[in-house]
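This report concerns only the one structure given below.
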């Protein structure tokens, strides 16, 4: 049995600056603004409607939704900034040293559900936490196609890898494997999509992988790495900013390439069926959904990630050799998209 290395205590050089919360909060709001502006320009028709909200226990946020656009059937981009007396059990299980401390959390999240089945759904989330003596960054971005286009997957992964490599060359290999592990529907034994990057509890110390599976590919890869020089708070903040700003270059060219592809009822019905997997994941496994519900977050904002239309079909099986069959049989399996 492989045992994950214990995390190192945070040292003075890596402690957050006095204005850390203010700076990260400002960036998360700016990221929301930049993404919304970019998506409105890309869509060409729809406009985001903003809904500001306050949380009784402390904090609040801005929810923005674009519905019935040109390529977007529905998309939401959220900013939130909350604080309180105690982190929920789902996080304390991973960071028990935060127990008994007040917490602060801020982040931006996004889910886009396009109309055209040939344009993939996409998800993004970047977040920052402080709780007493501990702090960390988390987040990632992932792509969920309905029809298999290897060049789209390669472009998305290349763009995220370039953002990761500017901080450390081992970030992408670990966080890509972690993403494959995280966005997996155990009850279906299926990947949700073709992944991207996912990371959590990053405070600049080893190991890079901080997930629940000590024997999985992400943990095995992370554990065999040579010792990595500890990174400071500023390094990780810059990393989060680069990843956040890599989204539009990663996704926009895919939209432009696929938005005018003709489709019929067969493709639309398959898209709605596969959206069911998205709903299942978000309601059963998604860490952000669980955190929001456990901290009395705003339900409308938490469930903003769900598609406007979806369907389930009992014991559905795609036609052998069809693009629909290829999606799950060959495409939605962990693979090296960068070098494929």
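Any Cβ shown, glycine's included, is placed from N, Cα and C.
The feature substrate binding site is assigned by Swiss-Prot to 109, 125, 126, 127, 296, 297, 298, with sequence analysis given as support. A sphere of 10 angstroms centred on the C-beta of residue 127 (substrate binding site) encloses 22 other C-beta atoms.
Taken from Swiss-Prot, the feature compositional bias 'Polar residues' applies to 1-14.
The region 'Disordered' annotation in Swiss-Prot covers 1-22.
Among residues of the same chain six or more beyond the region 'Important for dimerization' (278-313), those with a C-beta under 8 A of the stretch's C-beta atoms are 51, 53, 55-57, 61, 63, 65, 67, 73-74, 76, 78, 80, 82, 84, 88-91, 105, 109, 111, 113, 121, 123, 125, 127, 144, 183, 185-188, 192, 200, 269, 272. Per Swiss-Prot, the feature region 'Important for dimerization' maps to 278-313; the stated evidence is sequence analysis.
The annotation site 'Important for dimerization' is assigned in Swiss-Prot to 187 on the grounds of sequence analysis. Counting only residues at least six positions away in the same chain, the Cβ atoms of 280, 284 sit under 8 Å from the Cβ of residue 187 (site 'Important for dimerization'). According to its DSSP assignment, residue 187 (site 'Important for dimerization') is coil.
Residue 298 (substrate binding site) falls outside any helix or strand according to DSSP and counts as coil. DSSP assigns residue 127 (substrate binding site) to a strand. Shown in sequence order, 107, 108, 109, 110, 138, 139, 140, 141, 288 are the residues of the chain, 6+ apart in sequence, with a C-beta less than 8 angstroms from the C-beta of residue 125 (substrate binding site).
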